[in-house]
Amino acid sequence: MAPASAEFVGAWGKPTSTLDWCEENYLASPYIAELWNSLSCFVIMGIPIVMLFSLSRRKVETRFYIGCWCFLAVGVGSLAFHMTLLYETQLMDELSMIFGGCVLVYLFYSDDYKPNYHNLPLVVFLLLYAVSVSCIYIITQQPIFHQVAFALQVITISLRGSYCYRLNKQSYSGKLLVLSIVLYLLGFLLWLVDQGFCADLRSVRAFLPSPLDGLLQFHAWWHTLSALGSQCLFAFCCHSRLMFLKRNPQIWTLGCLPLITLDAKENGHIQ
């Protein structure tokens, strides 16, 4: 959490959010409360856009397109929050994480369903979970409650992912599962450092020239690493589902971004 200070009030007015991160507010522009945290949101938005283009060529099930749009919604909400630090945009960011997490839980727990089958009880349960968490969070305004609720989703997804890996026994898709967990844990570690040692980080950043000081914006790194971790989880889930449907999926990389293809001849696939 950022230490209290008499900082410049930008175009969006005084922050009304219940959280204010370690990045100094309105240093770069009166229209951007947190520059680096805002810029890193484009990673969160860019990944699902690439995924949508990739999946559109493979004619996969609608559920995966919904997952991509939810992923994109998280990025848009996060960008709005870090640009403004308003309570309303904070809810856009945090509640989209909960609803998007529920979609990913459904994708993982429905990977062995027959085509066109929908588990209505699971849908209702996840919808009730998301709505209940949202209502309780709005009433209590306790960040730790939201953080625990989101962490439970990540743990649930990881456990199901481990089961899917043992079921399919595909070593290269298993690498994605392990990589996603490592990325999440590393991002969470940097998030904790950003929270617990903000004053020290600000002191060090004060001696660094721009843009090198951005390397110590650890909340922005959390955005980047968690987005990449989410993409690895999503690619693993797509692969597991397509394996069940016997569509012979392959995993290939676009730079550092794992994507799914149904063409084994495509370059760059992980073996």
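Any Cβ shown, glycine's included, is placed from N, Cα and C.
Features reported for this protein in TrEMBL:
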type     : residues                          : note
BINDING  : Asp20, Trp21, Glu23, Asn25, Glu34 : Ca(2+) binding site
TRANSMEM : 35-55                             : transmembrane segment
TRANSMEM : 64-85                             : transmembrane segment
BINDING  : His82, His219, His223             : Zn(2+) binding site
TRANSMEM : 91-109                            : transmembrane segment
TRANSMEM : 121-139                           : transmembrane segment
TRANSMEM : 145-164                           : transmembrane segment
TRANSMEM : 176-193                           : transmembrane segment
TRANSMEM : 220-238                           : transmembrane segment
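This view paints the features noted in TrEMBL onto the structure.
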residue	record	DSSP (3 states)
Asp20	Ca(2+) binding site	coil
Asn25	Ca(2+) binding site	coil
Glu34	Ca(2+) binding site	coil
His82	Zn(2+) binding site	helix
His219	Zn(2+) binding site	helix
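The transmembrane segment (91-109) and the transmembrane segment (176-193) are not in contact, since fewer than 3 Cβ pairs between them lie under 8 Å (pairs 6 or more apart in sequence). Packing against the transmembrane segment (176-193) from elsewhere in the chain are residues 154, 158, 161-162, 165, 201, 218-219, 221-226, 228-230, 232-233, 235-236, 239, 251, 258: each is 6 or more residues past its ends and has a CB under 8 Å from a CB in it. On the backbone, the CA of Trp21 (Ca(2+) binding site) and the CA of His219 (Zn(2+) binding site) stand 7 Å apart. If you look at the transmembrane segment (220-238), the same-chain residues 6 or more away from its ends with a CB under 8 A from one of its CBs are 23, 36-37, 39-41, 43-44, 47, 51, 55, 60, 64, 67-68, 71, 75, 78, 104, 107-108, 111, 157, 161, 164-165, 173, 176-177, 179-184, 186-188, 190-191, 194, 214, 249, 251, 256-260.
The distance from the Cα of Asn25 (Ca(2+) binding site) to the Cα of His82 (Zn(2+) binding site) comes to 10 Å.
Comparing the binding-site residues Asp20, Glu34 on other C-beta atoms within 10 angstroms of each C-beta gives the minimum for Asp20.
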